[in-house]
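Undergrad: For reference, the structure I am asking about is given below.
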Amino acid sequence: MAGGVRRKSPGSPSPLWGKLHTLWQDKHLVLFKTEYTLLVVSVLWFLEIGFNAWVIQKVAYTEIDWKAYMDEVEGVINGTYDYTELKGDTGPLVYPAGFVYIFTVLYYITSHGVNIRLAQYLFAAFYLITLLLVFRIYHRTKKVPPYVFFFVCCASYRIHSIFVLRLFNDPVAMMLLFGAINLFMDGHWTLGCGLYSLAVSVKMNVLLFAPGLLFLLISEFGLIRTIPKLSLCAGIQLLLGLPFLLENPVGYMSQAFDLGRQFMFKWTVNWRFLPEWLFLDRYFHLILLASHLLALLLFALRRWKRPGESIFDLLKDPSKRKAPAQKTTVDQMVLILFTSNFIGMCFSRSLHYQFYVWYFHTLPFLLWSGGVKKLAHLLRVLILGLIELSWNTYPSTIGSSAALHVCHLIILLCLWLAPPLPSAPPAETEEPTPEKDKGQ
């Protein structure tokens, strides 16, 4: 009827019904097709809320470092700013100033650190925030099949323990780090650098991502325009540490950024098959450091840099390079950062149990980024399982440490055998605009 209400034809289903119909048709592929990553991780994230509450209520809390953290920040609250005089049950304060400020807040929220149950729920919130940030990375990259996230969430007793049963500071640093990576993905480089520096101020392990981040900054901006971002990172460290630097600068730097700290053999996860004298030997440490630097250099020159691109040309402003500047994709960005951190883990002088969180959430991405096509899904899952088993073996054994190194070597070789970054077709040269860095 003219002028009447036009009715939908019975044969044209709504868009929502179309999506549901497609989902039902692909139900057997939901766990394998990366376009369903968001759906799967959303379900898992809500399940994790209940699972973490169950763990907190049913599994006994284990005191390791929480009381020591509270003793250390209580010393600062009482007016002690000399880092050499700040101590806890497990030894001196060895973390940068950001740790002090964040755990001071936790100190007050948890009634001077006494309310452990509340602290556990706070760390459960940190865990859920970390998962959101990690899942967003995987949703953006769409590289890992969704079924793998069941192993990321449900299969790791050690990770849940590190967050909600041990209350280590490592998860706080990694939560901030993944927040910074999300900012980098969105083009907010300046804000990302600020958050990255804050993560470093909680625990120094975040510096393992620094070589990859430096490479990305230089690729994106050139050397000159990278300097202000590095200055921001340094300025944040200086500002946070100022009260302690004014009191005892040498004491603060030597305690908070002690790169030569000796680890105890009884806690090592990765070097149990070595004799203790070799584990403690400084020449062995130098060999590991040299190997670490060499591996980073090789990856930077042969895997991170595009073929035919000069490393010296890379230092120039993108608008002045011989070849047109090519924007780094999110996949490439995440791969470079995760690989940088993983190389550091492979050549670490020692890995303690809580250090697992340093790379746990990056392992699926690294495994599914490797260049060995015959490394089937089942083998990748097996490697994840062996790594998990190695980190859950307490105390570590010769076999668990050796298995961990074998898995690391396989992943490293797969990353090396991955094809180098593609050379994009020449693009039209355009003047750089401030919008390139949304964080400025």
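Cβ atoms are placed via backbone N, Cα and C, with glycine included.
TrEMBL lists these features:
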TRANSMEM  36-56  transmembrane segment
TRANSMEM  93-109  transmembrane segment
TRANSMEM  121-138  transmembrane segment
TRANSMEM  195-218  transmembrane segment
TRANSMEM  230-246  transmembrane segment
TRANSMEM  283-301  transmembrane segment
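Are these features on the surface or tucked inside, and what are their neighbours?
TA: A Cβ distance under 8 Å defines the sequence-distant neighbours of the transmembrane segment (195-218), meaning residues of its chain 6+ beyond its ends; these are 95-99, 102, 169-170, 172-174, 176-177, 179-180, 183-184, 189, 226, 229-230, 232-234, 236-237, 240-241, 257, 259, 296, 300, 304, 314-315, 328, 333, 336-341, 343-345, 355, 358.
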Undergrad: Sort out for me which stretch, of 36-56, 93-109, 230-246, 283-301, has the most Cβ pairs below 8 angstroms to the transmembrane segment (121-138).
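TA: Highest pair count goes to 36-56.
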Undergrad: For the transmembrane segment (93-109), give me same-chain residues lying six or more residues beyond its boundaries with a C-beta closer than 8 angstroms to one of its C-beta atoms, as numbers and ranges.
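TA: Long-range Cβ neighbours of the transmembrane segment (93-109): 69-70, 72-77, 83, 86-87, 118-119, 122, 169, 172, 198-204, 237, 240-241, 243-244, 252, 255-258, 261.
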